[in-house]
Structure formats: structure tokens, C-alpha cells
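Residues annotated as compositional bias 'Low complexity' in TrEMBL: 9-18. Residues or ranges marked as compositional bias 'Basic and acidic residues' by TrEMBL: 23-34, 49-61. Feature annotation from TrEMBL assigns domain 'STAS' to 553-681. If you look up TrEMBL, you'll see 1-63 marked as region 'Disordered'. For 84-104, 124-145, 189-209, 221-239, 259-278, 290-312, 347-366, 430-463, 483-515, the entry in TrEMBL reads transmembrane segment.
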Amino acid sequence: MMGSNGPLSSSSCTATTSQQDSETDRLLPHRPSEQDPSTNSYRTIVPTGDRHMQEPLHDDGSPSSIWDEFRRTRWTRKVIVQKCLVEPVGFIPAVILGLLLNLLDAVSYGMIIFPLNVAPFQALGPDGISMFFVSCVISQLVYSLGGSAFKGGNGSMMIEVVPFLHLMAETVVARVGAENRDHVLSTTILAYALSTVMTGVVFLALGYFKLGSLIDFFPRHILVGCIGGVGWFLIITGLEVSSRMTVELTYSFSTFKFLFMDLHVFALWGSAFGLALLLRAMQHKIRHPFLVPVFFMVVPGLFYAIVGIAGFDWEMLRSDGWVFPMPEGNAPGWQFYSYFDLKKTDWTAILETVPAMLALTFFGILHVPINVPALGVSTGHDNIDTNRELVAHGWSNLLSGGLGTVQNYLVYTNSLLFIKSGGDSRVAGVMLAIASLIVFLIGPWIVGYIPVMVVGSLIFHLGLDLVKEALWDTWGLVHRLEYLTIALIVIVMAGFGFVEGIFFGILLACVFFVVTNSRKEGVRYSCTGESAKSTVRRVYRQQKFLRQVGRQIYIFKLQGDMFFGTINKVEAEIQDVFSRRRWEINPIQFLVLDFSLVRNVDFSAAEGFGRIRRAVRAKGVCLVLSGLDDGEVGKALQMVGVWGAGAGAGLGEGHGHGNNFSDDGPDTQNFPGLSEALEYCENCLLESYYRTRESTMELAKRRRLMEVPDQDDNTSVLSPDSEATRFFSEHMQNSPRKSHLFEAAKETLHANERPFPHPINLQQPVPTLLAAFHDTRENPTDFFLRLSLYFERRTVLASTILWRQGGAPTDGIYLIQDGTLRSVQEFQDSGMVRRNAEVILPGTITGEMGLFTGNKRSSTVFSETDSILWRLSQDRFQKMVKEDPALAVEFMRVAMSYSAERLNTMAAYAYSLS
């Protein structure tokens, strides 16, 4: 309930449980209604709106005003009669309903603008009603004359600001003294006006600078808690008004004795409370929007009938507290203006009310960004500009403050009923403003005939509705911590005050944020290099070796906001890799931290990564970072020396070890993406593989061991019992990681020592075909000799495009003898173009899927360096199919086996990005 009649508040006559409304729906989860599963238990009106109510627009799309409609109208006699007589007469029922709503709101909200139980304000109930009508008329004129896009929008006072108005009044009394009545009234009413001006300035600023969406960042459960606090305040106010208390209600035995042990007092407030309970019981049976207005028209009628039949004296009823006292003298409605006197204003007291003004303004501005879209949906206005509505609210409150009255805003429930009753016109809105002005000019004498139980029951009804929304409707529908926050805010507001409750709620929101986000996983997942690989297209032997040693690479993919609440858990998970238990099972050589999904790193988290880096260095592990740049995350880590100049880190431009494994220990490397980081780690491991093989070959020559030609670069492998094998086994046992590398290299070499003719006796592309496919299948050498006859040599320069994504696969297959190619795949993702790159090294092929399936190219392939390629074109492949079908089928099997291996690599990388 957000206002005197907002979607978050029950209007004095319209805030039924059924009308609670669009704004509540936006704040709270929905409990299905028992009566109708399609509706919510606290919302039975689900207006779809009438599309014909869309108003004329300017060329730029902004809503037109009443003056634009006046200028565009062609004023013939018939049109004059229609616009000035027929249409206004048709608006009369809606205007009567709107005026009735304003009257009921005035005797409930307006009556309690001042704290009537405080001595200087006890006779100011009628003045509060007058101030209510002035604020109502001003806002109605601003909205109806073109300020708002809603032609039938109703403006009224904000009921939620009443607690803050009371706080300001009590602050003034405490400072000035209750005995100085004139000074108190002058200071208080000026403070009210200044708070309204402050609210208007904030509304204008939010609208002018297009900050309407800023309110969405305020936690909704905090707002719901504040609403519950307002509801409790209204219940207490209902007790004070109904029981005619002359002092502020306190939680004490004397108050309990006064309310419950005095039968007359109990009858006064009990009758009002009983009516409120009766209304709530009726709402469970009758779910109609006019129930509340009709109820509060019938109750006064019954009261007057009983008074007339029983012959009760009105003066006796006023003295006994059943009817409000008559205003003193014959005071006009504008009497409150006589209280303004700058000479009697206490400016120190004004300054002391500023915190309450700020709290009031803060709470007040939360209404519009919620009420306006809700009313737009309900009335069929699809393109409502919230910032324009904020500007309109700014002007209405500035004018209201300038004229010495209180805050106002666009009321959801009143506006909806007014529009649905035929008041969907700016003329109808102006007519309502005129009718409200007439009531204001008549004067507040009507207060002397209003039954106290009517006003009291209306206030009780409102308070019970708000408390129900905050504490009952949210039970089981929000997180337990959120519900605890809501309940604590209500308790603090009830026990200590509204300003304290708001700040307490903000504090709880901060705590809740920390607790909630601390439970989120900062590590999206972790894995070794066995399951996550780079997108580099390598020869089969390299892939096999990397599968065996991949567990020496450990990857952590981080996510979310890294702050003091999450870094401890992240640090613990990473440090666990270096624990004795884990280290003895799997000592690692590379720790990869991927920051591509990290949004922010605060100083505490950055210090945590600094500790991780020191632990990595102590273990002799190379720290490899990915996904960092010169943005906020990268700068935060640079400041604490995790990477960059302070860490002695490279930018990952090279692929070799360089000095990373020198006596000084490994360094920190950074790469733009995870694939590049993994490529660096794999290249370092492959260096160990090739150094092992070269050293083995040298020893083999020296020992005159039997040579067996290697299939990809003229090297040899050794038998398991050779002297070279024993030599390396002895000299590499000093490091578990090196020992693992050597064993993997030895196993890879021994597993693939099938002999074939030395490449020196063969012409290209046979050696390259052997390097690419010999390890994949058992094929005799003559297979590759026959296959090579269909390939043609092609030399390309750097940056030469071989084919483009979406093109026809006419080029066929390319076999890379020398140089490097790059494959780039582009795809659309939420309107953005994303790219996936793959490096293609010598001894591999590309384009086989397009050749075999005939599908369009899935990526763009170009040469990164000057390259020597061998091409099997579409025509030559078809020739092979005709001339040697067995060769073509076997080649397809070999090529698809190669593609399957590459597909597994790409699938693992795709998983690492998820």
C-alpha cells in the first residue's frame, strides 16, 4: 500500500482487499486465491484496460495536453454543444464518485495530518481537511491539464507521509514548547510546506535527469517492511482518534487500563474496530470494488438514523466522543494560512526536522515508479513515460508546497475507479478539481457531523490492510531472511520511530545482501586439463600426450562479484588444490584462473588473490590468468601485484616457457581468453615431450641402439628396456611432475612405434598425411601413397582467406604442411556478434565436414602465416570416389575419426565456457 489510495494502500473508500492492487502485485509474490485460482487473494480487480483510452500524441510520442486537444478541435456549433454540454453531463456520475472518494479520504487522512493528541494541535482536524483539499485540487489540476499521460488520473495526498508529518510536529513541540502554541503552529506548518517543496524538487530532478528507473534498485522487501510500519502507525492512530486520547499512546499499563478498563472508552474505539473487522469479513464474501465506498456511505446513514430515532442530542454526542466537535467559531477553509508567521517561526526547530523531511521525501518518491506503470497496465496505456510522470509530480508538489500544504501523488485505486466509471477525460478531471474546490470553500463545518467510528474504522481498515500485506501475505512467499527483515522493520518502526525504522531497514538490506551473496558460489566450476582443452587443432600424438598429462593443468572458472563475503570460500577451494592430501595424489604445474565471468573485485578479494599468488609461487606452480584486461577487474588485481608489472607477468604473447621455469620460479601469465591460456599450458607441456624425445634420440645414437623412424619428424623411439629409458627414469624421479611427464612421453612414444618407410624416401604430401593420420588407424603405407595422388600443392601468403563462413564447400579439404591457419566462427547472441577462434597447426586437416556433407562452411578460415597447403578439392574427391571407391571410403573413415577427436576437444572447451 503506497499511498492514500495507491496500489500499496487501501483508499479510505477504495482500498479493498480486492484492490490491492497493481503495486502490491509488483512488490509481493502472489498467493493463489481460494475462491478463484486465477486471481490473487488480495487482488480481485484485474482490469485489462480500454485501448480506446489512448490519448493523442505529439510527433515525438509525448502525450498531448488539454490545450493541444483544444487547438486541434474544429469548433462548430455541434461540437460546442457536444464538448461543453453533452460530454460534461456524461462525466457527472464519475465526478460524484471521485468527489465521494476525496471526501472519505479527507475525513480519514486529512483529519490526522496533525497529531490530534498533542496539545497545540487538538483542534486542527478541520485545518488538516482543508490542507488535504488544497493539495488534492492542485495535483488534480496539474495532472488533468496535461501534466500526466492519464487523462482521468486522480491526485490526492500521500497517506504514508503522515507518520513523518507527526514526527516533524512532535520535534517542533519538543523544541519550542507546547505552551508556545502560535510559535509551534507557525513552525510546524512551514516545516510541512518545506518538506513538500523538497519532495517536489526531488521528483523534478529524477524526471529531468531520466532517473525514474533508479528507484528499482531499492530492495522491495524493505519497502514492504516500511509499509507494514505505516500500517501499525495507522492502527495506533485509529486507537488515538477513536478513543479521543489527549496524550500520545505509549506501550504501558496505564494505556492498557485506559483502553480496556474504561467501558465508555472501550465502546468508542471498539465500535470503530468492530466495523473494520466487519468490513474485512464482508470482503471475503463480496469481492466488488464498490464495497468499501458503499459500506462507508451506509454506516453514517445508519448512525444518523439511530440518532434521529432515539432523539440523541448532538452536543451530548460530541462531548461523549461519538461525533467530532464543531470547529471553533465560523472559521473558513483557508484558516490554516493564518498560522504562517515568519516572525514566530523557530528556525532551529526547522533544522531539527530536516532528517524527518529527508525520510519523508525518500519514502514518498518510491510511489511513482511503481504506481505509474501499474496504472498504465490497468488502463491500457502501453507506453507511459515514467520520467514525464515524475516531472508532473514535481510540479504538483512544488505548487502544493508553495501554497503551504502537504505532499500529493497520482492515486492508483481512485484513478482506476474514476476512469472505469466514465471519467477517462481531462475535462472530467478538471470538473473533479472544481467540485473539490467548492467543498474546500464551503468550509470544515461538516466535520461536526461526522461520526468518530466512521473515521476510526476507516483508519483501522487501512492499518489492518497494510499490516496484512506486510506480514501475512508474504509468509511463505519470500525468503526467510527477507521475511525476518520485514518483521523487524515493523517492530523497530512501532517501538522506536519511522526514521529509525527506515535506516534500520537499509542496514538490514546491506546485511542481507552480504549474507545472500556470500552463499553464492564464486567458483562456477573447477576441472583439470584432461577435460578442458584449448581449441588448437593438433596432431593425434600431441592430443594423446596432452590427455595423459592434462591433470597437471588445473582450471578454476570464477563468476559473479568477488568481495569480502565470497573471497574466503574461493580462496579455500583454490588452496585445497595445494593441500598435502591433494598434492600427493595430483601435483600440478599450472593453475589457471578464468575471470571472464567476474563482474567486480573489491580490495579484500584482490588481497585474497594476492595470497593465492604467493601460495602458487611457493609450490613452484605457474599461475595463468585469463579473461583480464584493463577494466575494473584487471586494474584491481594489478594494484595488489597479482599480475602486470608488479607481478613480473607477461602478457602471454609467446607460447613457450621462456623464463617461466627458471631458477627464480614460475611467473604469472595473462591471456585474453581461456583457450589461449590453455594453449599456453599445453605448449609448455609439449616442450617437455619434445625435449624428452630429442634427448632419447641423442642417447640412442650414442649407445647405438636400434632406431625406429618416427612418423611426424624423423625421430626415433626406444624400447621399454633400453638404456636411454633407464637413464631418464633415474634422472627424472626427483620431481613427481617431471616424472609424470616423462612417463607420459615414454608411453606415447612406445604406443606408436609402428614402422613405416622413412620420409626421406617419400615425397610430400605423404609425410604430412602420415603425421596427420598414421596414429588414428591401422593403414598400410601404400594407402597414403594412393591418397596423396589426389592432393595438389598450394602456397598462400599470410592473411589469405581460404573460405568464408556460409560459403559453398567447393575448396574441399586442406592439409597443412607448414604454417598456421586460423578458423573464426561468428554467431549472433542477443543482438551481439560473438566469435570463436581455433588455431590449426601443421600436420592437421580442415574442411573435411564440408567436403563430405556438402553443407555450407561453418567458419571463416585464413592463413596467419605464409603457409604450404595440400588441397583435396571437391572435383578431385569425386574423381577418387569413381576411380577408387574403397580408397574414398577408407579416407572418409580416417578423416571422420580425426574429426571425432576434434569434436571431443571442442565439446570440452564449450563446457568450460558454460
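Including glycine, each Cβ sits where the backbone N, Cα and C put it.
Can you tell me where each of these features sits in this structure?
Below 8 angstroms of C-beta separation, residues 113, 131, 135, 161, 164-165, 168-169, 172, 215, 336, 339-340, 342, 345, 349-350, 353, 356-358, 360-361, 364-365, 368, 387-402, 404-407 of the same chain, each at least six residues beyond the ends of the transmembrane segment (189-209), sit close to that stretch.
Long-range contacts of the transmembrane segment (221-239) within the same chain: residues 1-2, 8-9, 27-28, 112, 159-160, 162-163, 245, 249, 259, 269, 272-273, 276, 363, 366, 456-457, 459-460, 462-471, 474, 478, 482-483, 485-490, 492-494, 498, 501-502, 505-506, 508-509, each at least 6 residues beyond the stretch ends and with a Cβ under 8 Å from a Cβ of the stretch.
Same-chain neighbours of the transmembrane segment (259-278): 238-239, 242-244, 299, 320-322, 452-461, 464, counting only residues six or more beyond its ends whose CB sits under 8 Å from a CB of the stretch.
Beyond the ends of the transmembrane segment (483-515), by six or more residues, the same chain brings 163-164, 167, 219, 221-222, 224-226, 228-233, 236, 251, 355-356, 359, 362-363, 467, 470-471, 474-475, 565 to within a C-beta distance below 8 angstroms of the stretch.
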Determine the mean pLDDT over the domain 'STAS' (553-681), rounding to the nearest whole number.
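So the average pLDDT across the domain 'STAS' (553-681) works out to 78.
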If contact means at least 3 Cβ pairs within less than 8 Å, sequence distance 6 or more, would you call the transmembrane segment (84-104) and the transmembrane segment (430-463) in contact?
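Output yes: the transmembrane segment (84-104) sits against the transmembrane segment (430-463).
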Report, as numbers and ranges, every residue of the chain located at least six residues beyond the transmembrane segment (430-463) whose Cβ falls under 8 Å of a Cβ in that stretch; write 'none' if there are none.
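Distant contacts of the transmembrane segment (430-463): 1, 9-10, 12-13, 15, 66, 88, 91-92, 94-95, 98-99, 102-104, 107-108, 111-112, 125-127, 129-130, 133-134, 136-137, 140-141, 144-145, 154, 159, 231-238, 241-242, 244, 268-269, 271-276, 279-280, 292, 296, 299-300, 303, 314, 318, 321-327, 330-333, 418, 423.
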Excluding the flanking five residues on each side, which residues at least 6 beyond the ends of the transmembrane segment (347-366) place their CB within less than 8 Å of a CB in that stretch?
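That would be 2, 158, 160-161, 164-165, 167-168, 171-172, 175-176, 187, 190-191, 194-195, 198-199, 202-203, 206, 215, 218, 223, 226, 407, 409, 498-499, 502.
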